[in-house]
Amino acid sequence: MMTAVFPAAQDTPAARAGVSAPLRRSPPATGMDPGAPHPPVVRLSGICKAFGPTRANDGIDLMVAPGEVLGLVGGNGAGKSTLMRVLCGVTRADAGSLQIRGVDIAPDLYDTALAQAGGIRIVHQELSLCDNLSVAENFFLEAPEAARALPGWRRIFRARARAALDEVFPDHGISVDARVAHLAIGQRQMVEIARAVATPQVRLVILDEPTSSLGLERSRQLRAFIKARTREGLAFIFISHKLQEVVDIAHRVLVLRNGRSVWSGPAVEASVEALVQAMGGPAEGVMLSRRAARPAIGEGARERVRLSGALIAPLGRDVVLRAGEVVGLAGLEGSGQRDLLHALHGRPGSGISRAGKASFVSGDRQKEGVFPLWSVLANIALGRLESRAPLGRVDDGQERDAARAAAEKLKLDPARFDSPILDLSGGNQQKALVARALVGEAETILFDDPTRGVDVAAKEDFYALIGSVARAGRLVIWHSTEDIEFLECDRVLVFSGGRIVRELVGTAITEKAIVDASFAGTGALERDATAGARGPLDRLVDLAPFASLAAVFALMAWVNPLTVSMFGLELLLGPAIALVLVALAQMFVVGGSEIDLGVGAFAGLVNVLSATLLFDTPWLGVAALLASVLAYGLIGATIQLRRIPAIVVTLGASFIWLGLGYTLQPTPGGAAPEWLSAAFAWTLADVPATLILIAVAAIIALAIDRSPFGVVLRGFGNNAQAMTLGGWSPLRYAILRYMLASLFALAAGLSLTAINTASDINAGGPFTLISVAAVVMGGCALIGGMISPLGVVAGALTLALVGALLGALGVSTDYNAAVQGCLLLSMLALRALADRREARR
Amino acid sequence: MTALMERLERHRWVWSALGVLLLWAVLAITTGRFSLHSLSGVAISASFLTLVALGQMLVVTTGRGNIDLSIASVLTLSAYASIVVAAGSDARLPLALAAVLGIGLVTGLANALLVVVLRIPAIIATLATGYILATATLIANRWAAGFSMSPFLKTLAAGRVEGVPLMLVIALIAVALAGLLLGRTVYGRRLSAVGQNERAAALAGIRTGRVVTGAFLASALLAALTGMLLGAYVGGAFLEMGQPYLLQSLGAVVLGGSLIFGGSSTALGTLCGSFLLILIVTTMQIAGLPAGTQDIVQGLVVIAVLALAGGRAVRRRRAAPKPEAVAP
């Protein structure tokens, strides 16, 4: 039935021949003989994994031979993803054994690093690229072995990325230097696939829904590539909802259902119908008859939602959704279905209008649904709070009654109302979320892929409920990623490229019709092939820190012409070296999406240490400074290991630094070691040392940022989860990040001692806020992952000049703090507005 | 046993209450002269801290690591403002109160605007507003000629009823109200929901911006009122008077068992946390530790408690059945 999706199906007989060849060629590989010449790439036996009450995997066996494509299918929540996580070393199985290329691996030792060493790579459905990095840098993260900390180290990865993309997706049109954030979703998926297969030594590639965002041609290219590579012995596990695709490409198929393997055999023996039946998925007939059994919608049903404007341009007429209907939103993933749901939930506008209230039920329960600290009852009862006065009283008894009524409809046991919501299985959690929508008074219920990760029985309960909820007078709008679910709908709107391209009603709703319509405009998915090119406006934003430095400098020169002389420069910018260094320290912390509130105090402590201990007993001073760097690493470790907010820990740490400083030296004093003063007091061709050192610091920071190490740090700042899955140790890099920051802060403290030739524990305090201001001004994003050393240096110098400028203009120093605060806020506000405009674009 | 653990898990304030009792007992035994009178000194200090910490607690409850760092400056500026405006007379007290509430209102709204509308991280936004207020304080410092208090305010801050400090009564009432707000009202539920999962809260129809704004307003207002009372209590205002409350307010919240991630807070715990922290400081003072060491100990206590509590929250979340988090 879905063959129409793949016009390439005419080459199926040939493909089949190719398909069975490896199976015939190496029959022992499928047997159980470990001494066979080609041991299986991996073999899992009896894998069990439970999450609370949910048995996600219950004694599953899986084996993949070299050059084999294993199709893995199962409905949402069947346990596929858990099994793959076990296979990739992300999740540890409760029981079962594991063999890689014939070698037994102890399950407790198995982790992501071992899986990678075994040549196993996975392409996640939820994309795991760092979108602040370029395509080539993402290739580096996947296989960093070839990287050297030398200029030009990217070359090898750019070549590798280009070769891989060319091989898998000819005419891809993706620039390897483009930032991933600038790529369309389909292009990201292509990069991710190419990255996995290009890894040296790769033996097994797991493709989890690889074609969910790919157009027709790209899917075909991928399948052609898989066939070519299997001939060279590369093995694949192919996971897809598109069963025809699986039957076409796989040699063998394994079907999972509720955590158990229910069918396994050669693909030639499998048909789409047989697979559907084995999966226990919703049977077409049942769904159709359930829909037919619903009473007809009344003629005068009230209009709830009207869609018009650009969204429905391909249809050429407004779409009106009425009370009592079940309306499906179909199409390839990311074609605009979710955008419509969110627009309907939030403030409708621009061609979308809604009457009455709407409630939202997401299938992404962890991120968008449950409140993890609450009981089931509290989670449900939240739905009744809407539109109540803030100081109204919450009554447990009333809530319980209302929730009970909703739970009964959903077959959710009220006895579980007092359990924490997370103790429930995925299916029951989802029922609680649906109950939350039901206890509210919303006339429209929006479902966003509600059966994601839900077991078969709970799905059936859900399907049965949908119709009755709608016919009781509500409008149900339902976005699903499983096309078969649309058979439950009265009407389906098919999206493509952000527009509604088809409207299917009643018996016209078939999977084939939906799929055909989905592909109608898939060119749009890759339309922005030139993405990644930076416009002149972006470059202008990059130049902002330098432009403002120039502006402030010009103003300063105008107020006091002496500024332009070398002497004036030294006088003005020399003392700024401490601020520059603290700002660079802060920058590396901000790059990890954290903020260090103790960095100023730490510089103050180093100031005290170097003017007292280091002066009196040099060896003790050096030891103390080393210990302080280690202490910073410890802070990084504490934050990472205990997962506590960096700001609170560093705020606490700032008191420790201050306290240590006071204890060492209660009042300002001390003296600078001679060598230290000398280190900041030379000149080179009449340029004073401080200015040169500022430039050196900038270059060092830039070199670190551009090095492989810097790329890893930025990767963690952007997508720590993906980095961890990729085998990078978050602990090690948290420690290194904080130690790196502490080295810059240490240099700042030393420069304070050298320039002031004395110490004051309070000298560093004010730097904390200014350093954040400099980092923001320099063009770094506080959410992490985007840093710019030269911009930060320019920002720090600008802020130092602003202080001097105020002094030159005769403004009292009392106003310094306020001016700095206002500057920081206005910069952040401007950035926020600019970001918002970009998002709108 | 597990039932007991669950109960402790739900009533996290118990730990800080135990800490208070233990430390008090140790102090009483070791010094031998830890009288009820000296305890009431602790109670007054702790009451001021409790008021500030309750506001901090509401901000922390909003989650995402939100913290109000402008508290110290609000407190100091309000102390100055009340002294300058009231100028020692009860008749001008309403004016002073208006000025103080105005400071709290403006600061709270400014913080909320920056955090909610401009999406600036709370810590940066409040740090910056704190700096701006610090300048205002410097200016107020030049104006503040004398240190005469309004007598009524003085009574309120330093008076006693039957030997019980009035401040303690005020703090206990505030704790009770905050407890009711968190546990029994629609706002409390919404606040907890926003703190646990802001995205889910927004999708559940909660206007998260308003909820967060309410928390920042409450925090600034409480800090402002505390500043007025503290000024009356110590008989003047000085530039550094708010400084200790920055870390201590946060310390009291975490010690009390509120989750630093937000979503779950306890007013009673914050009260106990305040007492515990003040007792720790008092102990250090009695032991004659220098100011520097006191800072170090306070910093260590906050980090240590966080490190322990952080682990607890992580375990809770890890216990989650998570297959669907990754299922297709």
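Glycine is treated like the rest: Cβ placed from N, Cα and C.
Straight from TrEMBL, the features:
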type: TRANSMEM; residues: B:38-60; note: transmembrane segment
type: TRANSMEM; residues: B:67-87; note: transmembrane segment
type: TRANSMEM; residues: B:93-116; note: transmembrane segment
type: TRANSMEM; residues: B:123-144; note: transmembrane segment
type: TRANSMEM; residues: B:164-182; note: transmembrane segment
type: TRANSMEM; residues: B:215-239; note: transmembrane segment
type: TRANSMEM; residues: B:245-261; note: transmembrane segment
type: TRANSMEM; residues: B:268-290; note: transmembrane segment
type: TRANSMEM; residues: B:296-314; note: transmembrane segment
Among the recorded stretches B:93-116, B:123-144, B:164-182, B:245-261, B:268-290, which has the greatest number of Cβ pairs closer than 8 Å to the transmembrane segment (B:215-239)? B:93-116
Given B:38-60, B:67-87, B:93-116, B:268-290, the one sharing the most C-beta pairs under 8 Å with the transmembrane segment (B:123-144) is B:67-87
Sequence-remote contacts (6 or more beyond its ends) of the transmembrane segment (B:164-182), Cβ cut-off under 8 Å? 40, 43-44, 46-48, 50-51, 54, 57-58, 61, 155-158, 188, 191-192, 222, 229, 233, 265-268, 270-271
Highest-contact recorded stretch vs the transmembrane segment (B:93-116), from B:38-60, B:67-87, B:245-261, CB pairs under 8 Å: B:67-87
